[in-house]
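Peer 1: Can you read through this structure? Questions will come right after.
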Amino acid sequence: MPKLKRSISWLQGTAMAIGAVIGTGVLILPAKTAELAGPASLVSWILISVFVLPIALTLGRLAAKVPDAGGIVAYARKAFGPSIAAITGWVLLGSIPVGVPIIALIGANYVRGTFDLSNWSVTGIAGIILASSLILNARGIKISSSVQILIVSLITLLIIIAVAGASSKVSNSEFHPFAPYGWTPVGLAGVIIFFSFVGWEMIAHLAEEFHNPSRDVPISLGLSAIIISLLYLSVSFVTVGTGSYGNEEGLAPLSILIAKGFGNIAGSLTTILALLITFGAVHTNIAGFSRMVYAQAREGDFPKIFAKVHSKYRTPIVSLLGLASIFLVVLLYNGFSRPDLGFLIQWPSVIFIVSYMIAMASALKLLSKKDIYWWFALISLIFCTILYGFSGWASIYAPILVILGWIITSRKTSMQKNSSTRKEM
C-alpha cells in the first residue's frame, strides 16, 4: 500500500503544533476567566500551563515509540488490541468533522463584527478558510507545513504587538483584590482554560511524515507547549493588569488590548489575528485527522477507500474529500439555522479530553515505570479524568460514540468470523 511522504522537520512540526493548539480562545478567554475569577484567574492559567506540559511530552514520547499516522488510535491498538483501537477511532470521528467547521465559523464571526456581514457571508468566509486548508493539505504536507510557519509567525508577532502595546498601561491596582470571588471560581476557570490547550494529538497523526519522528516529534511538542504557554500567560497578564475585561460593548477583549496601545486600528488588527489563528487551528486539525482516517482504513477499521493516497502528492485525498463533504453539511446547517456555536463546540471538545485519557492509559501500558514519561502519563490521566467530570451534559457524547463504535466493531468481527467459518467448510 502507498505510504505517506516524509517531509516534516522539527521546525515545521513546532509550527503545526502551535497552529493546532492556539485557537480563537486567546481572543476572549483571558477576559472571560478574569470576569469569572478576577486577577486570581492568572493562577488558573499558570496551573493549566504546568499540567498540559506532561500531556504534550507524553504524546511526543508515544509518537517517538509508535510513529504511526493512527496517532492515539495506534497507541490504543498496541496497548489494548484492535477492538479498543477500532472503538477509539469511531469516538474520534465525533470531534474534527464537526469541531473544525465550528472553529472556522467562530473565526469568521470576528469579521462580521468589523464589516457588519450577514450570516451567509460569515458562512462563506468560513467555507473559504476550510477550502483553502483542504487544498493545501491535498497538495502535500511540506507546502502545508511551510505555510503554517508563516501563519504562526504572524500570529506570534501580532500577539506580541498587542501585549507590548498594552503593557505600559498595566496598573498594580488592577491586581487588588486578587481573589474577589474566592478560590472556587479559580477551579472553574481552569476547566474553561484547558480547552485552549487541546490539539497536541493532531501532531501525533503526522508522525509518519516527519523526517526523524523519534527525535523531531518530541522536540516539536515540547517547544510548542512552552511557546503557547508563554503567549497565553502574557495575554492573560496584560488583560488583568489593564482591566481589559467586563466591558459592556461586546468587543473582543483582545481588541480592547490592542486599542490601548494602538488606537483605532484595533478592530482591523484583531480581525486579521482572528483569521490567522482560525486558519492555523483548522489547518493542522484537518492534516492530523485526515491521516487518522487514512490509518484506520489501512488497518481495515474504516472502509478501504479512505486508505487511498493521491498518486502525485501522496496525501490521503479520499479522507480529505470525505471531510469536505461533512464540512459542507455543517456550513449549510449554519447558513440556514444560525445555531449557538458556543453550545455546539462543547460536544466535540469533550472528545479531546477522552482522547487524552486513552493516550495516557496507553502510555501506562506501553512504557516502563522507570521511564519518567510513565509518571507524566499517570499525572495527566488523573488530571483529565477529573476534568471530564466537569464537562456537564456534553460528557454523554463520548459514551454514545463508544457504544456506536462497539456495535459496529462487534458486528464486523462477527461477520469476519462467519466468513472464516464458511471458508473452512
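Placed from the backbone N, Cα and C atoms, the Cβ positions cover glycine too.
Annotated transmembrane segment per TrEMBL: 7-30, 42-64, 84-111, 117-137, 149-166, 186-207, 219-241, 261-282, 317-336, 342-360, 372-390, 396-413, in sequence order.
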Peer 1: So are the transmembrane segment (149-166) and the transmembrane segment (219-241) touching or not, going by 3+ C-beta pairs under 8 A with a sequence gap of 6 or more?
Peer 2: yes
Peer 1: Do any residues of this chain, six or more beyond the ends of the transmembrane segment (317-336), have a C-beta under 8 angstroms from a C-beta of it, and if so which?
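Peer 2: For the transmembrane segment (317-336), the sequence-distant neighbours (Cβ-Cβ under 8 Å, at least 6 residues beyond its ends) are 96-98, 100-102, 105, 119-120, 123, 126-127, 130-131, 134, 137-138, 286, 289-291, 293-294, 297, 305-310.
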Peer 1: Could you tell me whether the transmembrane segment (396-413) and the transmembrane segment (84-111) are in contact, taking contact to mean 3+ Cβ pairs under 8 Å with a sequence separation of 6 or more?
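Peer 2: Taking Cβ pairs at least 6 residues apart, the transmembrane segment (396-413) and the transmembrane segment (84-111) are in contact, with 3 or more under 8 Å.
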Peer 1: Thinking of Cβ pairs under 8 Å, which stretch from 7-30, 42-64, 396-413 has the most of them with the transmembrane segment (372-390)?
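Peer 2: The stretch with the most close Cβ contacts to the transmembrane segment (372-390) is 42-64.
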Peer 1: Between the transmembrane segment (7-30) and the stretches 42-64, 117-137, 219-241, 342-360, work out which stretch tops the count of Cβ pairs under 8 Å.
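Peer 2: When the Cβ pairs under 8 Å are tallied, 219-241 comes out ahead.
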Peer 1: Which one of these stretches, 117-137, 219-241, 342-360, has the most C-beta pairs shorter than 8 Å to the transmembrane segment (42-64)?
Peer 2: 219-241
